[in-house]
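To keep things clear, I will list the structure first and then write my remarks on it.
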Amino acid sequence: MKKVLVLLSSPVAKENSYSTYFATKFVEEYQKINQEDEIKIIDLNSFDVSQKTLTSGNFATFFNENDSDALINELKSVDKLIVASPMINFNVPATLKNYLDHICVANKTFSYKYKAKGASIGLLDHLKVQIITSQGAPSGWYSFSSHTKYLEGLFNFLGIEIAPSIEITGTKVDPKPKEELYLEFEQEIIKKASEF
């Protein structure tokens, strides 16, 4: 039995969110194949820690036992991670960024020790992540920004194995109901869920 943690981050209402909808469908397909796995879903919009932003005023206390350590210990206790994120102003939502700020802690999730100068080692190398992203613009429209690449790079930095990402793009340029759009991605979702 594997333990799976799912992070939903869209500030869009659940019934209107593409990233949440596609992540939910992915989890449903995954559960069909892995019925014994334990799945925990966290909506970061209603998660206290993800409301806390790192500032100069709280830097000394931000990475604390009740917040950072608890989240890191949870990540160390699970086998797989599913992260759903829309693009908000060319980046991930603030709630997800706040969560990531809490877990990126030197000598806990990454380290510069025991590596060549200028290199690092990720300490979450037991984990595998499935990234599911959505954005209003088609892929490649904005070369200066890719929230998918940002997440892939960050999780790679932490030593996490990255499954091929699922990118739902162009949702505002060629608007379709999410249920209709899902039909275009259904086989990809089923395939990637079976391989995850």
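Numbers run from 1 along the shown chain.
From the backbone N, Cα and C atoms, a Cβ is placed for every residue, glycine too.
Feature annotations, reproduced from Swiss-Prot:
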- S10, S17, Y18, S19: FMN binding site (BINDING)
S10 (FMN binding site) CB neighbourhood, other CB atoms within 10 A: 24
Most Cβ neighbours inside 10 Å, all chains, among the binding-site residues S17, S19: S19
Additional residues surrounding FMN, by Cβ distance to the S10, S17, Y18, S19 centre under 8 Å: V12, N16, T20, Y21, F22, A23, A84, P86, S134
Neighbouring C-beta atoms (10 Å sphere around the C-beta of Y18 (FMN binding site)): 24
